[in-house]
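Novice: Could you have a look at this structure, given as structure tokens, before my questions?
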Amino acid sequence: MTPGARVLAAIEVLDLIAAGTVAEKALIGWARRSRFAGSGDRAAVRDHVFQALRCWRSYAVLGGAETGRARMIGALRAAGDDPAALFTGEGYAPAPLSADERAAGAQPTGADACDMPDWLLAEFHASLGPSAEQTVMALRERAPVMLRVNRRKADVTGAIDALAHERIISASHPVAETALTVSEGARRVAQSRAYHDGLVELQDGSSQAAMDGIDLSGAKTILDYCAGGGGKALALAARSDARIFAHDIDPGRMQDLPERAARAGVRIEPLNTLPSPDKHLFDIVLCDAPCSGSGTWRRTPEAKWSLTPARLSELTEIQAQILTEAAPLVAPGGQLIYATCSVLAAENEAQIDAFLAATPGWVRRKTHRFDVTDGGDGFFVAHLGRD
Ligand SMILES: C[S@@+](CC[C@H](N)C(=O)[O-])C[C@H]1O[C@@H](n2cnc3c(N)ncnc32)[C@H](O)[C@@H]1O
């Protein structure tokens with residue numbers, strides 16, 4: 001496909017999304033109808049669509065209308081390109097710009113320029129103060145593909161070399177000792193030998209750093225209370241010989257965990273039923289709670305437009321309940337680690353304040369917020385100690 005034809009395809013998909021179709025579904029539908037599109041074309045169309053989702057408001061203002069076509073005109077203007085160069089009408093390129101379209105469009109300002117719903121922009125300001133602006137602007141950029149070097153199987157240099165052997169070019173990233181960013185060949189990682197042999201896992205750098213910050217010395221048992229796919233449990237298992245148990249309210253989410261653990265050369269024990277606190281306690285309980293994902297919206301930009309105040313408040317209730325349920329499972333002297341991939345105070349600091357106020361016998365040891373501007377995703381972690 002020509003660059004213009006890819007833009008026309010992105011316009012079609014963006015219009016479907018604006019009409020209510022979920023982005024992934026709209027992309028899959030387009031790919032099925034477009035058998036002529038190769039993998040490079042599909043990737044390019046996807047990139048256009050995801051970038052337009054990150055910059056949904058500003059591209060519409062720059063392009064002068066709330067349509068897929070205007071948003072792609074806005075995207076080209078934002079990149080400093082003349083849309084007329086691609087909107088030629090030749091072959092499968094979009095039709096040339098009309099006089100109205102050439103005249104339309106303005107420089108976005110305020111929440112339009114920040115590409116954030118108005119109510120969320122207020123939440124970001126209340127949560128992050130002066131750094132809110134930088135964070136929301138960083139969420140308009142594409143996130144790097146990041147890997148975690150599995151210390152059980154390789155060191156950083158060995159992993160970089162093994163990946164390079166398969167034409168996947170990576171470099172270490174300062175956000176975490178084991179973090180690599182991939183600059184070439186990212187789409188081949190999941191098929192690579194280095195990945196299949198467990199030398200590397202796909203994991204954002206902030207999550208790695210947050211897990212690295214947990215003091216595992218002396219811990220004999222660890223419970224990952226919200227294990228999901230097990231990314232955090234695997235990161236802990238790379239550093240500890242403790243018995244690590246994984247639990248999730250939806251056990252189906254843990255289905256890939258045995259295979260991932262085998263690849264990594266570690267053991268994670270699934271726990272479909274939690275033990276009663278009077279029978280078994282854990283030295284560390286990690287709650288990587290469900291959240292708005294506001295720190296990861298570079299990767300899932302659709303989510304920033306679909307989050308509502310009602311859903312945010314539902315999430316904060318679930319988080320509070322998880323803390324209340326998980327805390328009694330921590331042994332005396334043990335640690336309760338609360339984490340989210342959000343940067344909103346309601347899900348983080350305020351959640352911990354409320355827990356400590358309502359639950360005697362717990363102290364806050366430390367909290368840390370990783371900012372999107374540090375290079376990895378936004379992430380929050382709180383270390384709580386049981387007296
Ligand atoms: C942020 S995800 C976990 C991601 C995972 N730790 C990882 O690193 O891949 C949150 C998980 O919490 C689970 N969850 C939601 N409510 C829960 C509850 N009340 N108890 C336990 N798990 C819960 C969800 O099913 C989801 O898999």
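For all residues, glycine too, the Cβ spot is worked out from N, Cα and C.
According to TrEMBL:
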DOMAIN    135-387  domain 'SAM-dependent MTase RsmB/NOP-type'
BINDING   Asp248, Asp288  S-adenosyl-L-methionine binding site
ACT_SITE  Cys341  active site, nucleophile
Novice: Of Asp248, Asp288, which of the binding-site residues has the most Cβ neighbours inside 10 Å?
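Specialist: Comparing the binding-site residues Asp248, Asp288, the most crowded Cβ belongs to Asp288.
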Novice: Mean pLDDT for the domain 'SAM-dependent MTase RsmB/NOP-type' (135-387), rounded to an integer?
Specialist: 96
Novice: On the three-state reduction of DSSP, what should I expect for the residue listed as 'active site, nucleophile'?
Specialist: coil
Novice: Any idea what the Cα distance is from Asp248 (S-adenosyl-L-methionine binding site) over to Cys341 (active site, nucleophile), rounded to a whole Å?
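Specialist: Given the Cα positions, Asp248 (S-adenosyl-L-methionine binding site) is 17 Å from Cys341 (active site, nucleophile).
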Novice: Between Cys341 (active site, nucleophile) and Asp288 (S-adenosyl-L-methionine binding site), what is the CA-CA distance rounded to a whole number of Å?
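Specialist: Cα-Cα distance, Cys341 (active site, nucleophile) to Asp288 (S-adenosyl-L-methionine binding site): 8 Å.
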Novice: Helix, strand or coil: which one is Asp248 (S-adenosyl-L-methionine binding site) in, per DSSP?
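Specialist: In the DSSP reduction, Asp248 (S-adenosyl-L-methionine binding site) maps to coil.
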